[in-house]
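J.: Here it is, the structure, as C-alpha cells.
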Amino acid sequence: MRQPDKKNIPENLKQNDLEKNKSDGTDQFLTTDQGVKINDDNNSLKAGERGPSLLEDFILREKITHFDHERIPERIVHARGSAAHGYFEAYSNAAKYTKTGFLQDSNVKTPVFVRFSTVAGFRGSTDLARDVRGFAVKFYTQEGIFDLVGNNIPIFFIQDASKFPDLVHAVKPEPHNEMPQAASAHDTFWDFISLMPESMHMIMWTMSDRAIPRSYRMMEGFGVHTFRFIDKSNKSTFVKFHWKPKLGTHAVVWDEAIKISGNDPDFHRRDLWEAIESGNFPEWELGVQLIPEADEHKFDFDLLDPTKLVPEELVPVTLIGKMVLNRNPDNFFAETEQVAFHPGHVLPGIDFTNDPLLQGRLFSYTDTQLSRLGGSNFHEIPINRTLAPMHNNQRDGHMRQEINTGRVSYFPNSLGGGCPYQAKIEEGGFASFNERVDAQKVRERSKSFSDHFSQAKLFFDSQTEIEQNHIINALRFELGKVETPAIRERMVGLLSLVDMKLAQEVANGLGILVPTPEKPINHGIGADADKNKHEPDKVQVKTLISDALSMIKNKNNSNTIQTRNIAFLCSDGVDAISINAMKKVLEAKGATVKIIGTNATAIKSSTNTEIKVDHSLLTVSSVLFDAVFVPSGKKSVNALQQQEKAIEFLNDAYKHCKVIGADKEGIELLNATNFSFKLSNKMIFEDGIITSDAFSDNFEQTFIDILGKHRIWSREKHVAK
Ligand code: HDE
C-alpha cells in the first residue's frame, strides 16, 4: 500500500504542480500557437497595400479565432470573486473524531486555494453589494481534494434544493430589463421572500452588517450544513465548520458601502491583493462544533435544517487548525475563474448528512462545471488538479490532457492485472457512512423544519441596539425600493412574527401599518392566499441571546489595528515631525499610512523636505480608509481649508463613525466641518475625535486605542439627529 509522505510536505506543493503549466514570454520570440516565429504582428496579409485581406493569412485567422472564443460563461451565482493561495496547518486535536489525513498531523502543511465572492452580481459588479459572501476553500491534501464550500453567514435562505433556482431567479436582475445589478432591493426578490417564511432567519443576517464586510480578511466563514466526521472505527460525529478571522469580524456602514461602490468597485479584491503583496498574510482558524450522534434530537431545531445554526453557547467551537493566505494567483482566468469547487469533494473521514439543501448541492456543482468549463475533463485544469495520485477508467471527452496508456479502461479486468485496483478501507478507500435509512418515498418537509422564527428572533435579540438599527434601516431601504405595496405589507407582516418593534420601525419608515388580525396581510395572490398564510410553530426556545451572533459583542474580536489604512491629509507646509510621530506608532502596530496630498506626486514640508504623496485628494475618499489624521502645519491646513474635498473627507469620516485625529493647527481644519461643535462641547474623547490639545501627553497612543475599537458607534445617534 502507498503511504503518503506526511512529514515536512512543503507548503508550495501545489505551486510546484502549477509551475508545470506556467509560461513566460521574456526573451522569447513571438510565435503562432504552432510555434512558428512571427515576423510581423501588426499587419494582416493583403492583396496590395489597400486591397482585401487574404484568407490564407493563418496568423490573422488564428489570432482572431482565439480572441473570439476567449470568454466562458460566468458562474450562475458567485460570479464576482477573488482568490488566493495559502496553506492549512492542523492542530491535530480533531484526530479523535475523524480519520481524515490532513487533520491528523500538525507537521503537515496542506496547500489551499480560497475564493471569496458575492452571490448575486455579475462578474464585473461591485464588491460592496449588500449580499452574502462566498468563502470556498480547496484543500489539496495527500488523500485527494477536499472542498469546504461555505459562506460568511452560517445559515441559508431555503431548506430544500428545489427552491434554489427560484431564489436565484428572484434575486438576480429582473429578466425583462436586467436591473438592478448586484442588489436585492427590488420587487422579485422581496416577492419571493415574502412568500417564504423559512427565509426569515437568513433575512436577519443579510440585512445586518454581515452583508457589507470591511474586508474578506475580516469575515467569518461557515460550512452551513451539518457534516459528519468519521473516525477509524466508523463512528460518526456531527460537525459544523467555522472559520474565525485573526483580524476580527468587521463591516462598513451602508452609506459607506454605496460610496465605496462608486469610488472603488474592486475594494475587497484590492484589499486582499494588496495585503498579500505587502506580506500581511490573512489568517483564519478553523473551528468545529462537534455533536455526538446520540445528541442528534436534543435541540429545539433540526440539525439537518440549513436555516438553523447551533448556538455557540450550546456547543462551543473547538479550534482545530489555521489557514494562512500568502500568495496571489499569477493569472486570474487560469486560477480564480477556472477553479471548480464542489461540496461533494470529500475525503475518507468526512461525510454528508441528509440536509436536503446539501443533497441538492451534491448534484449541482459538477453539473454546472460541465457548461461553465466546457466538459467533463475540468479536473485536469491545473488549479483543479489533485496532488494525490489519480488513476481510473474515465476516458476521453473534450480537451482531454492525460494520455492513458495500455488497452484496459474497465474494471474488473484481467488484461491489466486488475489495475488500477480498489483500495480497502484500511488502505484509504472511501466508504460512505453506513447510515440506516428506512423510510417511504415522500415529497414532504419534515415537521421538525417548521419553526421559522425562533432563530430569526434569537439573531435580532442578540444584536446591540446599533446593529438592530442597521437591520431596521436596511429593511427600510430594501423595501422602500419595492414598488408593489402588497409585497411590503407581507414583509412587514412576516417581520412582526420575528419582533414587533422591528416590524413597527420598518413599517414607520415605509409609511404603512403592521398587519393585525383586524387588518390582515394582503397576500396579493388571489384565491390561493389562504394556502400561503403561515402559522408559526411555537417552540420552546432554549437559547435567548447569543453574543457570538453580534459583531460588536463578538469575543473573537481583538483590538488589533493591523493592516488598518489611515489617511493623512496633507499639503505643502505640513509639519514632517507631526507626520512621523504618528506614522511611527501606527506602523509599529502594523497599520498602513497613506499620505493624501493636494497633488498627485509630492509635497514640501514646513522645513522644505520632500514628502511623497500616495494619493491625490482628488482620487480618493474617506470611505476607502479606516481613520483620518490631520498633521500640524499652518500653511498645509490653510491650503486644505480651501479644498471642499478635504472637508467632505472629514465629514464622511465623522458620519461613518471613524476615528479622527488632529495635531495642533490640524485642529483648525476640524473647525470647518459639520462636527466642529463637538470641539467646543468637549465631547471629543467619547466621540473619537482625538486632538493634541485634549490629549497632549498620550496623543498618538489614544488615537491607536480608539482606532482599535473599529468604529465609535455611540456617535451614530447624534449623527442621525
Ligand atoms: Fe452554491 N453554487 N448552491 N451555495 N455556492 C455555486 O457552483 C447551489 C449554497 C457557494 O467560488 C455554483 O461552481 C445550489 C449554499 C459558493 O467558485 C452552483 C444550492 C452555500 C459558491 C451552486 C446552493 C453555497 C457557490 C455556481 C442549493 C453555502 C462559489 C458556480 C441547493 C454553504 C464557489 C459553481 C466558487 C457556487 C449551486 C446553495 C456556497 C450553481 C443548487 C447553502 C461559496 O453549482
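Going from the start of the chain as shown, residues are counted 1 onward.
Including glycine, each Cβ sits where the backbone N, Cα and C put it.
For reference, TrEMBL lists these features for the protein:
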| type | residues | note |
| --- | --- | --- |
| COMPBIAS | 1-25 | compositional bias 'Basic and acidic residues' |
| REGION | 1-30 | region 'Disordered' |
| DOMAIN | 31-419 | domain 'Catalase core' |
| BINDING | R75, R115, F164, R361, Y365, R372 | heme binding site |
J.: Per DSSP, R372 (heme binding site) is which: helix, strand or coil?
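T.: DSSP assigns R372 (heme binding site) to helix.
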J.: 10 Å Cβ neighbour count around Y365 (heme binding site)?
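T.: For Y365 (heme binding site), the count of other Cβ atoms within 10 Å is 16.
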J.: Helix, strand or coil: which one is R75 (heme binding site) in, per DSSP?
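T.: In the DSSP reduction, R75 (heme binding site) maps to coil.
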J.: Sequence gap of 6 or more, C-beta under 8 Å: which same-chain residues meet both conditions with respect to F164 (heme binding site)?
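T.: Listed in sequence order: I158, L357, G360, S364.
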J.: Taking only the residues the record lists as binding heme, namely R75, R115, F164, R361, Y365, R372, what is the largest Cα to Cα distance between any two of them, in Å to the nearest whole number?
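T.: Taking every pair of listed residues, the largest Cα separation comes to 21 Å.
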J.: Please state whether DSSP places F164 (heme binding site) in a helix, a strand or coil.
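T.: Helix, per DSSP.
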J.: Across all the protein chains here, work out how many other Cβ atoms are within 10 Å of the Cβ of R372 (heme binding site).
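T.: Around R372 (heme binding site), other Cβ atoms within 10 Å: 16.
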J.: Using all protein chains in view, find how many other C-beta atoms are within 10 Å of the C-beta of R361 (heme binding site).
T.: 20
J.: On a count of neighbouring CB atoms within 10 A, which of the binding-site residues R75, R115 is highest?
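T.: Result for the most crowded candidate: R115.
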